[in-house]
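What Swiss-Prot records for this protein:
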ACT_SITE  Cys268  active site
BINDING   Arg74, Tyr215, Gly216, Gly217, Ser266, Asn381, Gly382, Arg383  substrate binding site
BINDING   Lys224, His244, Asp291  Mn(2+) binding site
BINDING   Ala267, Cys268, Gly269, Lys270, Thr271, Asn272, Arg383, Arg414, Tyr510, Gly511, Glu512, Asn513  GTP binding site
Amino acid sequence: MTSTNMTKNKKLLDWVKEMAEMCQPDEIYWCDGSEEENERLIKLMVDSGLATPLNPEKRPGCYLFRSDPSDVARVEDRTFIASKTKEDAGPTNNWIDPVELKATMKELYKGCMKGRTMYVIPFSMGPIGSPISKIGVELTDSPYVVVNMRIMTRIGKAVLDQLGEDGDFVPCLHSVGAPLKEGEKDKGWPCAPIEKKYISHFPEERTIWSYGSGYGGNALLGKKCFALRIASVMARDEGWLAEHMLILRITDPEGNKTYVTGAFPSACGKTNLAMLIPTIPGWKVETIGDDIAWMRFGKDGRLYAINPEAGFFGVAPGTSMDSNPNAMHTIKKNTIFTNVALTDDGDVWWEGIGTEPPAHLIDWQGKDWTPDSGTLAAHPNGRFTAPASQCPVIAPEWEDPEGVPISAILIGGRRPNTIPLVHESFDWNHGVFMGSIMGSEITAAAISNKIGQVRRDPFAMLPFIGYNVNDYLQHWLNMGTKTDPSKLPKIFYVNWFRKDSNGKWLWPGYGENSRVLKWIVERVNGKGKAVKTPIGYMPTVDAIDTTGLDVSKEDMEELLSVNKEQWLQEVESIKEHYKSYGEKLPKELWAQLEALEQRLKEYNG
């Protein structure tokens, strides 16, 4: 489509013109989001060898992509928060002066789209027209980005109609950083070398510039860049929350519904929890979102959440009919797979899919693979991009423009000791304290000499806060003052990953986590037995329904205990963590820590 048919928004038209003059694409194409457009772009990529169609009998409407081996994940050390002052970026973000960064990037962007098309993608984060939604426009030279954005967000003409002539949008500029000379064709996946990759955010201007990567969160700018980094700044300024959280709906046997959000660092089973199949009779979990929640107070003083996305961008390896059957059903059709293995009959395969490796595969790098190869057939960060509407347990109100009222916020991480299976905060501020100290023990999976140490990840937002982490934690504290305390969600810290002294899991996890959710639902409804401990309210040993579960009473006691010695060590570790955030850390959090230490010292278990 041409621009004049699509929009009369002067700010948008001027910006597209200015960016095109800098990037010099061969042509500009405005995306309308139609099926016909999608098929045309897919065909373009199949013809160029970038996309492999999968077997239509096994995976209808599905395609496999292989990226360059240097372009396989988010690049945190090339991700910048270019606020006007370094102080605003804070101690946990990479900062470059915005004037300097723009000058550097303008040099890179000059002529970077030669030989390519500039695609204009108008997109809505959240249902089009929702009072909680926001509009962005991404300019990209990657058709791969267009077909993924079409799944992950709502794109096209309807978004421009909503934007109108003077609506506001977040400008997102993206280039793979690989201009083509006349007559030159791509040899595989286009991207720039690591030192030329920049994923840059200008928070005051609400602008995103990304260069040099075609992959995932670096290139699909609606996801982490907008929905978390820029949106977190908007949320701070406008009095709401943009969070790295799943959203689910739990229905009890009587038909009562409770809505819950949950923040977990990577590799803690967020998507699995969002699509949980409960093992306790009569209970049902349905998905509203698996990754991001935008939350605002409603007229009734309760916190309402929407999922700003329209799809799932999930890690494929480890996803199986055992770990997440609902995800497996979601990705049966109309799904884009990236960096997983291809079977000889045109299906996908990855480690942890639950079936034996076939005798022969084409691996994620396009090479022949056999079980004797000694390498992984799929990249550990191999992905699927699938429409949320295909999830068999998508909740009926997942696109409700008003959002859903949140009764409980879960936080968690992977901790083999110290943190119990579940405990509830005393109040909102104590819950924010728990969120500020959460994290996972560093495992051998991360290349690090810190194995056994805890990587603290406040509210699982460490890589995604668009401003100073201390101001972010203060913003959470401030949110608690904006409504009647009785209307605030209750905050629960869960840990599915406890081990005994022999390194054996104490809790079976997966669907059995519904037993913990049941207690949480009982607690928010004024029921559910609990005992007050130094760290918060803990279920009594008989409060968790263990009917039909092979977990001994001793193990349950271990899972629901406060180990004074381990917790006093934890306090020392938190002190070091807090010191690393510097002088600006909210005084309330230091006060919470001191109070915890005092309660522990007086505790006799």
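From the backbone N, Cα and C atoms, a Cβ is placed for every residue, glycine too.
For the pair Asn381 (substrate binding site) and Gly269 (GTP binding site), the Cα-Cα distance reads 14 Å. The DSSP secondary structure for Arg383 (substrate binding site) is strand. The Cβ neighbour count for Gly216 (substrate binding site), using a 10 Å radius over every protein chain in view, is 21.
Least packed by the Cβ count within 10 Å, out of the binding-site residues Tyr215, Tyr510, is Tyr510. Neighbour counts were taken at the CB atom with a 10 A radius for the binding-site residues Ser266, Thr271, Asn381; the maximum falls on Thr271. With the fewest other Cβ atoms inside 10 Å of its Cβ, the least crowded of the recorded positions Ala267, Cys268 in this structure is Ala267.
Within 10 Å of Thr271 (GTP binding site), counting CA to CA, the binding-site residues Arg74, Gly216, His244, Asp291, Arg383 contribute Asp291.
In this structure, the C-alpha atom of Tyr510 (GTP binding site) lies 27 angstrom from that of Arg74 (substrate binding site).
For Arg74 (substrate binding site), the same-chain residues that are 6 or more apart in sequence and have a Cβ closer than 8 Å to its Cβ are Ile199, Tyr215, Gly216, Gly217, Asn218, Lys224, Pro463. A 10 Å radius around the C-alpha of the residue listed as 'active site' takes in none of the binding-site residues listed as His244, Asp291, Gly382, Arg383, Glu512.
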